[in-house]
């Protein structure tokens with residue numbers, strides 16, 4: 001900025017300049033907020049306001065249209081529900097099984113696929129196919145496969161001279177059956193992400209490991225795993241966050257409850273509280289419990305993915 | 001491909017290595033085909049069976065006679081054309097809303113930097129910490145009676161479109177991409193007298209094709225795969241999505257008809273996927289790696 005002609009009274013010039021600047025800044029802000037307003041309104045109505053409402057609901061009771069503040073009553077009520085603890089046990093079981101299958105399996109598959117010089121495109125396509133199917137179609141398909149009578153799985157076991165299973169019909173195997181179906185439906189995306197990560201590993205690292213006399217497993221442990229550590233930990237967190245919120249698979253495969261309530265997960269219970277028992281307060285209290293448990297994982301995830309970029 | 005991986009080329013070159021490689025490859029290719037393509041074949045084949053053949057034990061591998069009537073019956077009884085149209089309508093509407101509003105927001109936060117922009121971004125990112133399942137109940141109560149406008153959004157497409165905009169992940173992805181556009185190019189545009197909208201349209205967006213592709217895939221696949229939200233908010237059977245419609249009709253139709261319907265429900269996206277698989281898969285991994 002060059003100084004204005006000195007003959008003019010300085011004060012007025014400055015005032016005029018700042019006025020002009022203010023006008024420009026105001027206009028710039030107006031444009032900027034204009035671009036922002038649509039998303040902000042959507043967030044306000046469908047994200048921020050429901051978030052506040054979730055907290056309020058957990059301490060309120062709605063009866064016949066009247067809302068009343070009940071303090072920790074909803075929590076007390078939910079904690080006393082035997083279904084509450086069972087739902088948590090089921091959810092943890094699902095998460096545990098899903099970590100063994102849904103987290104490990106895609107990695108193993110990706111490591112194997114990455115070695116192939118042939119048919120890799122075809123195999124990638126296959127593993128990703130279920131991800132593109134409407135989940136309800138996959139679930140109903142699995143329902144047929146699990147059928148103890150004419151189901152395909154028991155026919156296969158019979159063929160291998162193994163004992164038939166009850167799959168979804170027994171409390172012991174119901175959750176495992178849900179996890180198997182869920183893994184089939186979802187493992188494609190994780191596999192592709194791992195494959196992309198594996199392709200970024202410099203080949204020299206393997207050469208160096210070989211010179212040091214490392215075998216196959218040692219190469220995986222000392223090169224492949226450390227090189228993909230960040231992606232692996234991100235996927236682990238994401239898997240935990242996602243599986244603790246599982247709903248569609250148990251709800252559709254077993255109607256939500258399963259034999260002896262063996263597949264009622266926490267989110268299924270939230271659904272039941274809200275939409276079967278009409279107890280929004282209980283549902284919200286349960287939701288807050290889930291939120292508290294998962295917030296830590298989410299924070300860690302956001303932190304790690306920020307490190308990942310820089 | 002010359003890029004070397006876990007197993008050294010020398011090891012693969014030996015006879016033993018070659019035998020092992022081809023054996024493992026054969027086993028994996030067969031296994032994958034059975035595990036991932038098998039169910040699709042089962043669906044198409046069993047959809048063609050007669051009721052009597054469908055119930056037969058042991059099941060037949062190839063249907064004796066093709067009952068294509070199952071497919072036409074399922075198509076009409078379950079009104080698949082409508083369900084499919086609904087799903088596409090919601091998915092592409094959500095895509096349009098996300099592209100316009102999320103891109104606008106990300107551009108504003110990245111380039112125009114308004115007062116309180118940082119706080120708004122922070123609040124948007126904070127929603128990533130809230131598990132989606134926790135918000136379903138209060139969100140449902142909100143769309144029953146949206147505050148200020150006092151409207152019930154149940155059974156209207158807005159109930160899918162508007163909440164889909166609240167995707168902090170997309171905004172984050174877009175903002176980071178816009179951040180990387182060189183400032184000199186934008187300065188040049190502004191010296192030429194381009195307005196903010198013009199700069200976005202003619203300079204920033206054409207450079208952002210990859211990230212727009214990723215966001216679009218997420219938007220469409222998100223609606224395509226969602227079940228709980230549309231089940232709650234679209235109770236009218238005529239307005240339901242494919243997932244919800246098939247679920248609610250699944251108990252009332254003969255089994256071989258239902259399976260034929262499943263096969264048809266899977267067909268469109270599988271076709272789209274086969275055509276665009278290269279873009280879809282690279283887009284997905286790009287998004288997930290950078291996000």
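We count from 1, first residue shown onward.
Placement of Cβ uses the backbone N, Cα and C atoms for every residue, glycine included.
Taken from TrEMBL, the feature transmembrane segment applies to B:20-42, B:88-107, B:119-138, B:158-174, B:211-232, B:257-276. What TrEMBL records for B:84-276 is domain 'ABC transmembrane type-1'.
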Return the stretch with the most CB pairs under 8 A relative to the transmembrane segment (B:158-174), choosing among B:20-42, B:119-138, B:211-232. B:211-232
Other parts of the chain folded back onto the transmembrane segment (B:257-276), taken as Cβ under 8 Å at six or more residues beyond its ends: 40, 43-44, 46-48, 70-71, 73-75, 77-78, 80, 83-84, 224, 242, 246, 249-250
Under 8 Å Cβ-Cβ from the transmembrane segment (B:211-232), and at least six residues away from its ends along the same chain, one finds 87, 90-92, 94-95, 98-99, 102-103, 136, 139-140, 160, 163-164, 167, 169-170, 173-174, 177, 205, 240-244, 247, 269, 279-280, 283-284, 286-287
